[in-house]
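J.: So TrEMBL lists the following for this protein:
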- 28-150: domain 'EamA' (DOMAIN)
- 182-320: domain 'EamA' (DOMAIN)
- 12-31: transmembrane segment (TRANSMEM)
- 43-64: transmembrane segment (TRANSMEM)
- 71-91: transmembrane segment (TRANSMEM)
- 103-123: transmembrane segment (TRANSMEM)
- 135-155: transmembrane segment (TRANSMEM)
- 180-200: transmembrane segment (TRANSMEM)
- 212-233: transmembrane segment (TRANSMEM)
- 248-269: transmembrane segment (TRANSMEM)
- 276-295: transmembrane segment (TRANSMEM)
- 301-319: transmembrane segment (TRANSMEM)
Amino acid sequence: MAMEMKMKMKEALPYIGMVSTQFAQVGLMIVGKKAMSAGMTNFTFVFYSNALASLILLPSFFFYRSTRPPLNFSFICGFFLLGVLGCSAQLTGYAGINYTSASFASAMLNLIPGFTFILAVIFRMEKLDCRSTSTLIKSVGTVVSIAGAFTATLYKGPQILLTSSSLNPQNYLHFQETDWVIGGLYLVVDCVAASAYLIVQASVLKSYPVELIVVFFYCFFSSILSAIVSLFMDMDLNAWMLQPGTRLFAVLYSGIFGSAFQVSVMFWCVRKRGPLFVAMSHPLGIVIAAALGIIFLGDIFYLGSLVGSIVIVVGFYAVMWGKTQEKKVDEDNMSRNINSKAPLLQQKDAEAEV
């Protein structure tokens, strides 16, 4: 009984991990938006976040020195590519958040499952058998999740819950004046870069399965790249100042929970369950963003958010069910192959004895 409970807990760990990363992601969007509203740019925010995460993860480089695979030029190139894609996703993502809002960005991130599924099929990391029920369910679930994200974003409907802080007219004016088109384009680029990042991440972890070391190099290269971009794009020295308060808290949160914790857990989940599993957890972010927005920011909750959230969860579990069925089929085929080979081995042993 205890062994069975232990096995169930082990199976549930990737799901718990991805839910926790979504809470961290939504929190990161909120504090990032606050920091940029306080005068910090997305360039300096990404630099400080990854630099702090690199310092936090530096001890792991020496801790795994005796057990990690030796570094070579191929591995370094893979880490650098992760840094390029991750830095691009962060810079464009925070630019999109700055033009829009955290809840809108959380909804747009649900384009990642569709892009990741397409890239995973192209690179043959996911099976695409149109005759398979699991493949059809995964495909439909991906489309449903994206549709739910757009429903929650584009369809408001009547107000369901309204807090006293939501009545502030400044919130309404800010929503009207924000350039959603530019922000949306930035977020689309963010989703494409993030999808490619997940695919490369899965490939790197297959050849170098030490998550903390990979995350360290990812944050290290991201900090260098963002620093170079910042020197050319951000000439205002005030943007580099870390005054005690919103900016310092945002950097500490992003470095500890955003980069170090979130990315480490995501790397582990990619190695355990694959890139599509990680990408399909993003739809949960919009549900969490809506809940935290109501509780902490006094956001207005609309009927469209409720409908979209339900559709997103349906699509999410549809894809998870498809992946579970696919895993069962692979295990059954493997056991059949083993059983079919066993009589042949017994026959050869018998002939050898004769």
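FYI, residue positions are counted from 1 along the chain as it appears here.
Using the three backbone atoms N, Cα and C, a Cβ is placed for every residue, glycine included.
Heads up, TrEMBL stuff is auto-annotated, nobody curated it.
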J.: Which range out of 43-64, 71-91, 103-123, 135-155 gives the transmembrane segment (212-233) the most CB pairs under 8 Å?
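T.: Most Cβ pairs under 8 Å with the transmembrane segment (212-233) come from 43-64.
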J.: Can you break down the domain 'EamA' (28-150) into helix, strand and coil residue counts using DSSP?
T.: 98 helix, 0 strand, 25 coil
J.: Across the domain 'EamA' (28-150), what is the average pLDDT of the model, as a whole number?
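T.: Its mean pLDDT is 83.
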J.: Count the residues of the domain 'EamA' (182-320) that DSSP assigns to helix (H, G, I), to strand (E, B) and to coil, and report the three numbers in that order.
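T.: Secondary-structure breakdown of the domain 'EamA' (182-320): 119 helix, 2 strand, 18 coil.
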